[in-house]
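These notes concern the structure reproduced below.
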Amino acid sequence: MPTIIALDVSLSMSRPIPNHSTSTGGSGSSSSENVLTYHQLAVQGVNYVLDYLTKHARLEFVSLIVYSSLYEVLVDFTRDYDTIRQSLHKIEHYDKTSLENVLVAVNNAFKTHWGSQNYCQIIFITDCGVGLGPSSLKNTIINIQTYKAACVAAAAAATAAAATDGSKLAAAVIGGGVSSASIPQPSENQWVGFSYPSKLSFMCLGSLATDSAFRCGTKLYQQLLDVSGQKGQLFIPRMKMKHEESAGDEASAITGDDGEDMLRQLTRTSALEAFETMCDINYRQFEATLRCGGYFRLEDPITVWPAPLPYSARDLLGAETTKLMSRRLEVCGFLRMADIGSPMSVSRHLILPRSITTTPGSSPEQLEGGKANGGMKNGHVHSSAEERLEADIKSFYSKSDTGEHHQHEHEHHGLEGADVNKESVCVLLHGALKVENMAALVLLGDNWYGFIYSYADGKKKWNLMLNVLPPGNDVVPWLGDLRYLGTLEDAFQGENPSFPIKADKRSYSQTIVVWIRQSSLQSDIQKVLRHAKKLPEKTQHFYKELNRIRRAALSLGFIELLEGLAHIFEREISTLPLSASPDCSMQLNHAAMELRKTSNRDLKSIIHALPTQYNQLG
């Protein structure tokens with residue numbers, strides 16, 4: 001789940017915070033030299049976010065952008081947080097604030113690196129400046145309202161036009177609205193919302209009690225979220241009682257109705273508390289329990305990263321339903337990876353083992369007994385008699401034989417000892433799935449399934465991966481209803497339970513082109529180029545592979561690939577060795593011209609070889 005931090009570097013951020021300094025009150029110290037500015041407080045907030053991610057979400061990719069009327073990407077997406085910390089010391093201040101420009105830049109930067117399907121956390125750190133002139137925040141809100149009104153008018157006009165034809169109206173209702181062609185498109189420099197799932201958090205540095213410009217700015221920033229429909233939140237430092245603040249923070253105080261002194265100005269402590277609240281809300285870990293087994297179940301506390309998002313779907317009538325993943329993942333059974341194939345998935349997550357810290361005075365027997373007697377176990381209450389019986393059995397087998405050994409456990413009980421001596425279901429499951437090349441079918445909630453399997457990234461580092469399927473029982477067509485999957489012993493006499501079911505006669509004459517990974521596409525293109533360098537002997541093979549790639553590209557709507565192949569062929573002509581046949585350059589030039597013709601965009605058309613004196617086709 002990538003994160004973009006946008007830091008406001010307008011001139012207003014260089015202002016000192018009123019009645020606040022970094023000095024400790026020493027004699028002879030100059031307050032003008034030790035004043036705390038809004039920019040310095042924002043930098044401390046960025047460092048707090050990076051420290052939080054280092055401790056709780058060290059796999060996050062973070063990018064740093066600074067903006068005023070223009071913007072600059074200081075650090076691209078990286079997991080090296082020290083690089084971001086070093087770049088904070090090289091920031092310069094510029095002119096006025098222009099929020100719309102940086103919103104468009106953030107939208108384009110994220111789509112370039114991550115596409116439109118990934119979730120993004122966007123954090124703006126600002127003093128809520130609204131800007132001036134046409135690029136002000138007020139004009140941005142007006143432009144969004146105008147665009148929304150134009151979209152509603154276009155939809156109403158399309159619905160009225162379709163009302164004259166019953167079939168068109170029915171198709172519009174079933175499709176959930178009008179076609180995208182009738183909806184006006186925003187300009188390149190206009191922001192109407194992010195085109196990918198995201199959350200926009202504004203860290204507002206200021207005081208609502210004394211700064212009228214800050215009060216006006218926060219209202220406009222909240223209005224921006226409301227008008228655009230963007231999911232987000234404003235985090236504003238709260239006013240605190242004076243006795244709650246540390247002695248190092250100096251700020252003016254007022255006396256409330258109850259006689260308590262209240263801090264009016266922004267302080268370092270209140271600002272960092274706002275950052276802490278934001279991090280706890282946006283980067284809360286998804287802690288769950290992985291359970292495996294039948295009667296005597298193995299279970300292990302785990303962390304699912306990144307945290308799974310709520311799944312929302314609409315039915316034919318437009319009703320929206322939202323499902324949340326359960327905190328208890330139940331392993332239902334195991335399947336071979338070859339049987340599963342590549343089903344459609346909602347998201348993928350890493351499964352990491354999680355350690356539970358226990359108090360030094362508590363023993364395993366007391367923990368299990370407390371859980372079984374109506375207590376909480378990994379966030380779930382033991383409500384059934386079977387689970388209470390299971391906890392009693394585990395408690396019985398975990399008891400020590402002698403009191404001396406029991407006392408020894410009391411003295412040395414801790415997190416490290418528990419991790420060393422306790423078995424890990426994640427390690428056991430990962431090793432078994434990796435060796436057997438299998439995956440575990442997991443129940444994620446009511447009528448919701450997923451697969452757990454061993455996965456290796458490019459660095460040969462193996463991880464336990466969770467592949468979340470769409471909710472439903474029949475989401476993998478070649479496996480059927482997942483509720484009715486059984487073991488080999490459940491098969492009837494003479495029944496073939498293997499997957500996939502093979503047909504008696506193949507209904508196709510050649511293999512299907514699959515470009516799931518970049519290497520597959522590169523391999524097909526390199527195969528065509530190898531045949532091209534061996535012309536005229538490989539003329540038939542060259543055009544056979546060329547037509548196969550062309551049909552696959554047209555079927556997928558990958559028209560850009562045809563133009564790319566034409567450029568590759570033209571470049572190969574200039575790099576041919578002197579020993580190459582003249583027919584090679586002629587055929588490559590002919591293939592490049594045929595790929596660019598619009599008449600060859602039909603799937604039924606075939607590119608034929610150019611008859612020459614070298615290939616003797618004429």
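Placed from the backbone N, Cα and C atoms, the Cβ positions cover glycine too.
What TrEMBL records for this protein:
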type	residues	note
DOMAIN	3-127	domain 'VWFA'
DOMAIN	283-367	domain 'Integrator complex subunit 14 beta-barrel'
COMPBIAS	355-365	compositional bias 'Polar residues'
REGION	355-380	region 'Disordered'
DOMAIN	403-472	domain 'Integrator complex subunit 14 beta-barrel'
DOMAIN	513-615	domain 'Integrator complex subunit 14 C-terminal'
Worksheet item: In the domain 'Integrator complex subunit 14 C-terminal' (513-615), how many residues does DSSP put in helix, strand and coil?
Response: 68 helix, 0 strand, 35 coil
Worksheet item: Which whole-number mean pLDDT does the model give the domain 'Integrator complex subunit 14 C-terminal' (513-615)?
Response: 84
Worksheet item: In the domain 'VWFA' (3-127), how many residues does DSSP call helix, how many strand, and how many coil?
Response: 49 helix, 36 strand, 40 coil
